[in-house]
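Copied over from Swiss-Prot, here are the features:
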type	residues	note
BINDING	Asp34, Ala35, Glu36, Tyr37, Asp38, Ser83, Leu84, Glu115, Arg138, Glu174, Lys291, Lys315	NAD(+) binding site
ACT_SITE	Lys117	active site, N6-AMP-lysine intermediate
BINDING	Cys409, Cys412, Cys427, Cys432	Zn(2+) binding site
DOMAIN	589-671	domain 'BRCT'
Amino acid sequence: MDKAQRIRRYQQLCDELHRHSRLYYTYDRPEITDAEYDRLFRELLELEKAYPELVTAASPSLRVGASPLSQFTPVPHSRPMLSLENALTEDELYDFDARIRKLLASDAPVRYVCELKMDGVAVELVYRDGILSVGSTRGDGTTGEGITENLRTIPSIPLVLSGEAPALLEVRGEVYIDLDDFQKLNHEREEEGLQVFANPRNAAAGSLRQLDSAVTAKRPLKIFCYGIGQLSGEHPASHHSLLKCMHRWGLRVNLEHSRTLEGIEQVTDYFRQLQQRRDELPYEIDGMVVKVDDLALQRELGEKTRTPRWAIACKFPPRQAVTVVEDIVLQVGRTGAITPVAQLKPVEVSGVTVSRASLHNWDEIARLDVLIGDTVVVERAGDVIPDVVKVLTEHRNGQERSVPLPQSCPACGGPVVKLEGEVVPRCQEMSCPARLRESIKHFVARRAMDIDGLGERTIEQLLKRELIKSVADLYHLTKEDLLLCERLADKSAEKLLTAIAASKTRPLGRFLFALGIRHVGEHLASLLARQFGSLDALSHATREELLAIHEIGPQVADSVTDFFAKSRNREILAALQRAGVAPQAEEKRSGGPLTGKSFVFTGSLTRFSRKQAQEMVERLGGRASGSVSKKTDCVVAGEAAGSKLEKARQLNIQILSEEEFLQMIDTLEEA
């Protein structure tokens with residue numbers, strides 16, 4: 001085969017594979033078997049391996065995944081990916097319709113398009129000359145994270161558009177996982193000893209945020225496209241026409257459940273139908289999106305700061321079920337906090353079997369008046385987290401039992417103390433096995449040291465065999481140690497050891513968060529890392545030095561100094577250092593004209609996003625905070641500013657408009 005023949009055959013294979021992928025994933029009309037598709041794909045891979053110069057940005061081989069990234073890059077959206085206003089009742093839906101007709105000065109029924117509100121992750125796909133060039137998350141609506149390589153691995157996202165596609169097309173869609181695929185994914189993770197995902201949305205979000213796209217490629221992700229940002233050339237006249245155009249271009253659109261309806265009465269009827277049919281769908285939805293169909297009317301209605309006036313999201317009410325509290329067990333966390341958890345007679349809520357529900361603390365138990373044996377109403381708040389919301393006292397038979405406040409730790413029998421102002425008692429025993437287990441789970445978590453492959457089941461086995469007695473022992477584990485754990489094969493053990501070794505040089509902020517210092521979350525851990533620059537400097541910081549930092553109050557200052565004062569913690573830190581754990585130092589924030597100044601942004605900002613505002617302030621040495629206090633130096637007020645603005649006036653704090661703030665920043669940067 002000469003060069004010209006190779007090029008022709010390669011292009012032919014690309015075209016054939018793209019075509020069959022569209023037929024299978026977008027149109028559900030496969031023409032060849034999976035085996036035939038695999039044969040074509042293998043031929044393509046062999047050609048690319050032999051002649052790498054053939055590979056293009058449109059190659060179907062990109063579905064497999066590319067080289068891992070070190071970090072995601074910011075991607076600005078040419079047009080904001082706006083949020084939607086919510087309607088929680090049918091009355092609010094009628095109010096929305098009344099506003100639309102008032103703005104249009106018309107009494108005639110409005111034509112609406114109704115679409116399913118997928119419970120997934122919003123993304124943007126940018127096609128240039130019909131080829132997928134950039135993919136990103138929604139982010140804050142103005143800027144997302146570049147996840148192009150990950151999105152290319154999703155089979156239902158076309159790498160190349162079909163038909164007479166526009167030169168530029170920005171597509172908005174929702175990435176999700178089918179319920180059956182989600183159950184299968186969690187079962188596989190359980191088998192591997194990995195932490196399971198809480199729900200399909202979390203699984204989709206976690207899959208998209210993988211730095212290694214080969215991991216994303218293994219996840220059963222799908223997409224439904226629902227709108228556009230920019231479109232070159234002629235625009236369709238209506239939203240439903242736009243959906244049909246997108247479908248013709250090879251994009252996956254949920255036409256099956258989209259409806260074009262005349263007037264709000266038809267819309268509310270369809271909303272009721274969806275609520276009844278919700279459990280029949282193969283994926284999670286949390287409502288219905290209603291849009292004015294006429295695109296010219298959409299432009300006339302325009303947008304508010306964060307939401308379009310021409311669309312609304314009708315949210316389903318939380319789904320509930322009635323069951324029985326079979327027991328109330330006590331759970332010990334990494335800080336020693338003892339929390340009550342209701343063990344329930346298994347019941348299905350929102351398509352998920354629920355057998356446990358949080359009771360939070362004994363104040364909540366008293367408020368609900370819940371006893372062991374009670375019949376209760378359980379709700380998955382946001383269709384995710386189970387909660388007991390009501391006790392049906394009329395079902396009591398006198399056999400119910402209360403759960404007293406524990407006098408000793410249920411895990412180790414050690415002393416328990418309930419401090420003034422706190423709602424839960426705490427185990428005081430540092431060697432408590434339950435505290436150790438939870439501390440290690442926190443230490444290895446993705447947002448902390450990110451030790452992939454060290455799941456809850458493996459941690460339990462390592463503790464049971466006494467192979468680890470502190471987080472420092474993780475770094476002394478051998479392959480032989482790991483092979484003692486059930487369901488941990490040779491290859492998995494090697495991968496886990498690699499992940500443990502890679503965690504030794506995590507950024508200081510991540511390391512501080514992993515230590516589990518009480519009251520120090522991700523944000524404060526990052527703040528302390530930037531302020532002090534090294535673990536040694538922070539460990540020697542005085543209470544006064546900590547209090548001098550904005551956002552650090554007495555509670556956090558005491559917690560940090562107490563942590564480094566405890567001999568057990570110093571021993572663990574020394575052991576981590578001996579094991580080669582060396583958190584990457586972060587540069588101490590340099591001074592600037594706003595050093596020591598605290599800013600609060602309130603109201604609807606139109607000139608910049610909150611993230612951009614924070615970056616401007618921090619660039620000049622200042623800090624952005626979320627609340628107004630006596631320590632606040634300046635409040636920047638956007639449209640419809642509320643209680644924060646009022647509090648600033650009461651405290652006589654300087655107040656700036658967005659324009660005045662930008663002028664101040666320009667002046668300081670030019671100085």
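Note that Cβ sites are derived from N, Cα and C of the backbone, with glycine treated the same way.
Annotated features taken from Swiss-Prot, shown on the structure.
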residue : record                                  : Cβ contacts under 8 Å, 6 or more apart
Glu36   : NAD(+) binding site                     : none
Asp38   : NAD(+) binding site                     : none
Leu84   : NAD(+) binding site                     : Val289, Thr307, Pro308, Ala311, Ile312, Ala313
Lys117  : active site, N6-AMP-lysine intermediate : Ile285, Asp286, Gly287, Met288, Val289, Ala313, Cys314, Lys315
Arg138  : NAD(+) binding site                     : Met81, Val121, Ala122, Val123, Glu124, Gly144
Lys291  : NAD(+) binding site                     : Tyr112, Val113, Cys114, Glu115, His239, Gln298, Trp310, Ala311
Cys409  : Zn(2+) binding site                     : Val332, Gly336, Ile338, Pro415, Val416, Cys427, Glu429, Cys432, Ala434
Cys412  : Zn(2+) binding site                     : Cys427, Glu429, Ser431, Cys432, Pro433, Ala434
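Note: the Zn(2+) site is recorded as Cys409, Cys412, Cys427, Cys432; in the same chain, Val332, Gly336, Ser408, Pro410, Ala411, Gly413, Gly414, Val416, Gln428, Glu429, Pro433, Ala434, Arg435 also have Cβ atoms within 8 Å of that site's Cβ centroid.
A strand conformation is recorded for Lys291 (NAD(+) binding site) in the three-state DSSP classification. Shown are the binding-site residues Cys427, Cys432; the one with the most C-beta atoms within 10 angstroms of its own C-beta is Cys427.
Secondary structure of the domain 'BRCT' (589-671), assigned with DSSP and counted as helix (H, G, I), strand (E, B) and coil, comes to 31 helix, 18 strand, 34 coil.
Mean predicted confidence for the domain 'BRCT' (589-671): the pLDDT average there is 81.
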